Amino acid sequence: MSPSIDANGGASARNSGRFAGVYSEVQTSRLNHSLPLPSVLKSPFKIVEGPPSSAAGNPGEIAKLFPNLFGQPSAMLVPSESALPSDQKLKIGVVLSGGQAPGGHNVISGIFDYLQNHVKGSTLYGFKGGPAGIMKCKYVELDSEFIYPYRNQGGFDMICSGRDKIETPEQFKQAEETAVKLDLDGLFVIGGDDSNTNACLLAENFRGKNMKVRVIGCPKTIDGDLKCKEVPTSFGFDTACKIYAEMIGNVMIDARSTGKYYHFVRLMGRAASHITLECALQTHPNITIIGEEVAAKKLTLKNVTDYIVDVVCKRAELGYNYGVILIPEGLIDFIPEVQHLIAELNEILAHEIVDDAGLWKKKLTNQSLQLFEFLPPAIQEQLMLERDPHGNVQVAKIETEKMLIQMVETELEKRKSEGTYKYEGHFKGQSHFFGYEGRCGLPTNFDATYCYALGFAAGALLQSGKTGLISSVGNLAAPVEEWTVGGTALTSLMDVERRHGMIASLFPISLCRCDSYYGKLLCSFGGYSLALYTVHNTVIYLVCKNKLYVRAEHFGYGNIKRL
């Protein structure tokens, strides 16, 4: 049994951490699930290069930052009569970077199986705890026995992940020392946009110093915002959305069973609303708020609140005092007035002491003051007290779902006093945040297969001597056998954000497009966003712009008729 090596070169007890003998029936079934491969990976292939590449934005700046990588072509695997040379044994390192996403273990399984099948005698090292494992030279040698319990399983606990970055001269030096010590031929970085930025920086550094280490990235994030033409999706998104959709479906049945609660569900996803959009298409909740649509229509926080209240009032007229509302995690980022308020608060609180007299409020603009007074007291307090180490409002910690519940309650009480909201009972809101629950579930068949192919692609790219590419598998709507396999130049996907002269992002974040097919499908049913569905027996009633529509299909996309 091979030992794992700590930072000082000493051997430590080697333990995979998992024992398949105690797996549930479902886990065992998934463990033994066989995975298909694209046909190009099942027979001899060769690498065909495309034309010189550019960048997603600011190509001149990217060329200066990556002089050794910029302009290199992407690569595609195509059938060949002869296989790639396999006489050289390779030593490859793999690292999991950033947050977890279902399927990560299958990426590692894929690269391991590729080496076993095509470059026999090669060694695969797993760096422990993310990029810090590279810098500290903490790793474990991966073999079939070690990897087996993790096949088709969720989590990143095979070697664990971390959010460290390799960006300072000292950190690059540590990475170089590890590469030399292990005699690495290649490094595979499995991560999101920041992690693949790191992969590109490492590839540039190694090539600039004439080191033999090649670096390949892999697209990972449940948020679905790491994608482009060449990289159609990130792994983990499919599984996470299905997990959330099941939970949302459970909440919807609960709401219908009691008939007295409105469930406000905030969904993980960073700035983009991809997860919210996908879950809405899968579950058909009563209201779905899409952040990108809020921005496109320049809606204010009061507009959003009034929209929800309009629906609640209309449903109350129909006798339905319950429902489910989906909210994207990044909603606040799409409301300009909120961003202006936060910016003003950051500036004021950096120089002022907040007291009960409220004199500091006089320094807010009229628009920001009105918004601040409109917010529930609990949210006002959160904006004032919860600051990050730099003194700024921690936007990510604002519980948007609870904020909206309180704002809806206030507006409903106002309308009730005016006689426009007729309901003898009291509006009852329940808040939920679905996030971490979706990051480590058993991967779906799609994610399991997609990740396995990404690992094989990485092995092929490293064997052929490529560096500075991100593993790419395309044509995903077709049968697996017809999927395309290759690698896309990381620099071609990069842009720069100037933050003290540092690169801030790999991909410009891919936001939801309301003009896309699924965006139009979502928005076509409602006045502002998704259809406002009320499920009653086998009929779905649709309320939008104070009109009532009905369609007979329970969960299909049937013809809509106005009543």
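Glycine is no exception: its Cβ is also placed from the backbone N, Cα and C atoms.
Taking all protein chains in view, 25 other C-beta atoms sit within 10 angstroms of the C-beta of Asp223 (active site, proton acceptor). What TrEMBL lists as active site, proton acceptor is Asp223.
DSSP gives Gly99 (diphosphate binding site) a coil state; it is part of no helix or strand. TrEMBL lists Gly99 with the feature diphosphate binding site.
Taken from TrEMBL, the feature Mg(2+) binding site covers Asp193. For the recorded site, Asp193 (Mg(2+) binding site), the DSSP three-state label reads helix.
DSSP assigns Thr221 (substrate binding site) to coil in the three-state reduction, outside any helix or strand. Taking the Cβ of Thr221 (substrate binding site) as reference, residues of its chain lying under 8 Å away and at least six apart in sequence are, in sequence order, Gly98, Gly99, Ala101, Gly192, Asp193, Ser234, Gly236, Phe237. The substrate binding site annotation in TrEMBL covers Thr221, Ile222, Asp223, Lys260, Tyr261, Met268, Gly269, Arg270, Glu329, Tyr436, Glu437, Gly438, Arg439.
Annotation source TrEMBL lists domain 'Phosphofructokinase' at 91-458. In the predicted model, the domain 'Phosphofructokinase' (91-458) shows an average pLDDT of 92.
Around the Cβ of Asp194 (site 'Important for catalytic activity and substrate specificity'), the number of neighbouring Cβ atoms within 10 Å comes to 18. Positions annotated as site 'Important for catalytic activity and substrate specificity' by TrEMBL: Asp194.
For Lys220, the entry in TrEMBL reads site 'Important for catalytic activity'.
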Sparsest Cβ surroundings (other CB atoms within 10 Å) among the binding-site residues Gly99, Gly269: Gly99
Those recorded positions listed as Lys220, Arg439, and which of them has the most Cβ atoms within 10 Å of its own Cβ: Lys220
Nearest of the recorded positions (Asp194, Lys220, Asp223) to Gly269 (substrate binding site), judged by Cα-Cα distance: Asp223
Fewest-neighbour residue among binding-site residues, criterion Cβ within 10 Å, set Asp193, Glu329, Glu437: Glu437
Chain-internal residues near Tyr261 (substrate binding site), provided their CB is under 8 angstroms and they sit 6+ positions away: Asp254, Ala255, Tyr322, Lys428, Gly429, Gln430
